[in-house]
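A.B. asks: Submitted below is the structure of interest, expressed as structure tokens.
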Amino acid sequence: MCTLCRTKPGRPVNPPDGGWGWMVAMAGFVVSACSYGVMRSLSVFFVTWQDYFSVTAAETGLIQSIITGVLNLAAPIAGALSNRFGCRVVVMAGGVISSAGFVLSLWATSLFHLYVTAGFMTGFGNSLSLMTTMATIGRYFTTHRLRANSIAAIGASVVSFAFPPLFQYLMDEYTWRGALVIIGGIVLQVAGFGALVRPIVLKSDVTTDRTPEKVKDSSTQSSRLSGNSTTVNFTTEKYSLNRVILDKIGSVLDISLLTESRFLLFCLAVFLFGFGRFVPNIYIVPRARAFGVEEYPSAFLLSILAIGDIVGRGSVGLLPEWPRFRRVDQFAMNSFLMGFITLFAPLAKNYVTMAVYSASYGLLMGGCVPLLYSAIAEIGGANRMSSALGIIMFLRGIGNLAGPPFSGWLRDITGSFDATLLEGGGCLVLAGLLPYLLHLRVFQPAQTEDKVGGRETDGTRLSLMAAEREESNTASAQNHETMVVIRETSL
């Protein structure tokens, strides 16, 4: 993942930690707003779609779960496409695909049509634009990386405050079909701001980039030197190809993480977190409508939640870190409190109590994302951050995809939205309790030294081993060439 953006050859530089990177962060603000921000605000269409297509709550809630699930599950595809075509092209293409998904929903004749257009197409386009932009921001910054990521991530919270009333107004004026077309035009702005995502060539790319073309050229040269034996040449090329495949897999994903009990336990906690996290976002508006709240005040509950989300994302960075209460524990406490207040959410039966719950849940939800990234670095190690993040994003995507339909199924069989809130709150409480088991001796790492400073990291060992193999093969090829020349001279 270190070579996430392919560019034209240029002078490699160190991360500028600013400069044009702030423009990339601004592009990330827009991309985040048009992906997560729009997805959160689609709850205002829930009742309209359910009545128009005469479907169940579980079937209607699947639209938003498809968007969120595909956004996370397609992250490896976004990385591969950005390696092949460049980050700027992929971000702009993602904006076009997401916009096309909303526009094509104009001709939807069934809910399945919306699954494909507003669900899968939009989620896939969001994954291309959002994942690639956030990865590019990480290449531009070092010490200011947290600040740049905050600028990009807060875009979703800002528009989540403004979009629900706007979408309700558009739906009243132009019906839900016309509203989706206008939303498609809003999302198309990602294509324009994607042009700001300028690729950058880092010095680390030059020292660690080993492409298949380079290995192929090396193996071809070795094959010419040993032209007397076709079988040996074929074996050498096959060995080189297998080595390239293994190196590529090792550079993208560190499978050894799946053998660590600490990491597996944290993965289970994150899966449960994803399973219950978006349940209040999806069902808070239809639940308010079920209690007789008008359309606009119901939609404004999402805006209240977004205000709390903005405050939470801005204030979580002020939390200190104690030796016995590190980021993993803070993330666990945050998840536990989210679930705890959600378990009591069924008691909110008037608009004031619903607004208090929305603000409280939004405040805690805003702090969960920065704490999660910090917790992943502590569990997997900073040197294996990309691999740990990829695995956990995939599992969280599965939870996001399965959670809302299951809660909708509970709504259908019980006839009440309270069951959905209890299910979501229970998952969040369990997700908050599991990480505290990491303090048990059975889950303690075998070596307590610092993974980066105290001992050689796994990524460093892999890089050194790859470099030693390459130098050994190069030396063997040169020795063979020398022997051929000497033999020809003697003859």
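From the backbone N, Cα and C atoms, a Cβ is placed for every residue, glycine too.
Dumping what TrEMBL says about this protein:
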DOMAIN    21-443  domain 'Major facilitator superfamily (MFS) profile'
TRANSMEM  20-42  transmembrane segment
TRANSMEM  62-82  transmembrane segment
TRANSMEM  89-108  transmembrane segment
TRANSMEM  114-138  transmembrane segment
TRANSMEM  150-170  transmembrane segment
TRANSMEM  176-197  transmembrane segment
TRANSMEM  263-284  transmembrane segment
TRANSMEM  296-319  transmembrane segment
TRANSMEM  331-348  transmembrane segment
TRANSMEM  354-376  transmembrane segment
TRANSMEM  388-407  transmembrane segment
TRANSMEM  419-438  transmembrane segment
A.B. asks: Six or more residues beyond either end and a Cβ under 8 Å away: which residues meet both conditions relative to the transmembrane segment (419-438)?
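C.D. replies: Sequence-distant neighbours of the transmembrane segment (419-438): 262, 265-266, 268-270, 272-273, 275-277, 279-280, 283, 287, 328-329, 331-346, 375, 379, 403, 406-408, 410-411.
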A.B. asks: Can we call the transmembrane segment (20-42) and the transmembrane segment (150-170) in contact, meaning three or more C-beta pairs below 8 angstroms at a sequence separation of 6+?
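C.D. replies: Taking Cβ pairs at least 6 residues apart, the transmembrane segment (150-170) and the transmembrane segment (20-42) are in contact, with 3 or more under 8 Å.
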A.B. asks: Give the nonlocal contacts of the transmembrane segment (388-407) in its own chain as ranges (CB under 8 Å, at least six residues past its ends).
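C.D. replies: Apart from its flanks, the transmembrane segment (388-407) reaches 1, 58-59, 61-62, 64-66, 68-73, 75-76, 252-254, 257-258, 263, 266-267, 270-279, 282-283, 373, 376-377, 379-381, 419-420, 423-424, 427.
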A.B. asks: Which stretch from 62-82, 114-138, 176-197, 296-319, 331-348 shares the most C-beta pairs under 8 Å with the transmembrane segment (263-284)?
C.D. replies: 331-348
A.B. asks: What parts of the chain pack near the transmembrane segment (89-108), using Cβ distances under 8 Å and only residues at least 6 beyond its ends?
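C.D. replies: Same-chain contacts beyond the flanks: 27, 31, 34-35, 78, 81-82, 114, 117-122, 124-130, 132-133, 177-178, 180-181, 183-185, 187-195, 197.
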A.B. asks: Between the transmembrane segment (296-319) and the transmembrane segment (354-376), are there three or more CB pairs that fall under 8 A, provided the residues in each pair are separated by 6 or more in sequence?
C.D. replies: yes
A.B. asks: How about the transmembrane segment (114-138) with the transmembrane segment (176-197) - do they touch, taking at least 3 C-beta pairs under 8 Å (6 or more apart in sequence) as contact?
C.D. replies: yes
A.B. asks: Which bits of the chain, at least 6 residues beyond where the transmembrane segment (176-197) starts or stops, bring a Cβ under 8 A of a Cβ in it?
C.D. replies: 23-24, 26-27, 30-31, 34-35, 38, 45, 48-49, 52, 87-88, 91-96, 98-103, 105-106, 108, 118, 122, 125, 129, 132-133, 136, 167, 170
